[in-house]
Amino acid sequence: FPLNLTADCNAVLKALQPIFQEQGMTETVHNWEDHGYLATYIKKNGSFANLRIHPHGLVLVDLQSYNDHTKGREEVDQLLNKVEERMKELFHGNIKRVKRLPAILRGGVIDRYWPTADGRLVEYDIDEVVYDEDSPFQNIKILHSKQFGNILILSGDVNLAESDLAYTQAIMGSGKEDYTGKEVLILGGGDGGILYEIVKLKPKMVTMVALNIDQMVIDGCKKYMRKTCGDVLDNLKGECYQVLIEDCIPVLKRYAKEGRMFDYVINDLTAVPISTSPEEDSTWEFLRLILDLSMKVLKQDGKYFTQ
């Protein structure tokens with residue numbers, strides 16, 4: 001509850017105390033002269049609530065309980081509804097807003113919460129662990145979501161779901177590029193999605209340097225992400241493509257030295273790339289190195305695509 005005025009800590013505490021006492025919860029109160037009150041309410045079944053009252057005008061209620069049944073969740077909702085009603089009575093329209101967050105389920109058999117590369121937390125409707133292996137380089141998970149299908153997660157970073165065709169199409173140029181008879185270099189792309197879509201467009205040759213020598217990513221995807229990769233990962237070579245199980249940095253340096261050039265370079269490396277090369281000491285230096293080397297193997301009228 002962010003308020004439009006300073007909070008009378010003692011008044012808030014006295015107004016909300018009866019709600020928790022009705023639940024048979026014992027109370028412990030801590031107060032600080034300049035930092036408000038912290039009240040903890042504990043129930044015999046192990047459930048507890050923290051009431052934090054900040055003098056500048058912020059009241060927080062956190063409730064934790066062990067409830068895996070509908071009745072338990074209803075009891076929590078009823079308690080929070082009473083808290084909200086009492087707060088509105090106490091402050092008479094001086095509450096800026098009321099924000100209630102859904103319960104976070106901890107310790108589940110299947111982890112449904114995954115952070116994004118930019119520090120946000122996403123909750124997925126995951127109902128099955130399809131694949132979970134540790135390679136020498138990273139942890140590889142493929143989880144099933146009711147909404148998105150199978151999802152590839154590398155060392156905690158959500159990479160791609162079977163429903164993410166729009167991502168693949170976007171990084172290829174959103175259908176505006178003509179790949180017919182072209183030389184294409186894919187950096188990363190171990191899920192096989194970009195390779196599968198480009199092969200359909202009749203290129204001259206597609207070379208994929210797959211996720212920095214991690215064969216286990218390819219093995220997992222070709223078995224459990226076939227809606228994404230089709231059959232292109234079943235073999236490392238096809239009529240118009242090849243998959244190199246090598247680190248992309250030495251490959252790029254070799255191609256630059258040989259003068260090999262590409263019409264398209266598509267950088268689909270992970271958000272925080274892994275590498276066996278010493279250049280990885282700084283993430284930004286690594287990304288700059290990839291960009292510089294990519295420019296050296298790109299034709300003058302070529303195109304470079306990335307996330």
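A Cβ is built for glycine as well, from the same backbone N, Cα and C atoms used for every other residue.
Here is what TrEMBL records for this protein:
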ACT_SITE  ASP268  active site, proton acceptor
DOMAIN    112-307  domain 'PABS'
Review point. Other than its own, how many Cβ atoms are within 10 Å of the Cβ belonging to ASP268 (active site, proton acceptor)?
Key: 24
Point to revise | Model confidence over the domain 'PABS' (112-307), averaged pLDDT | key: 91
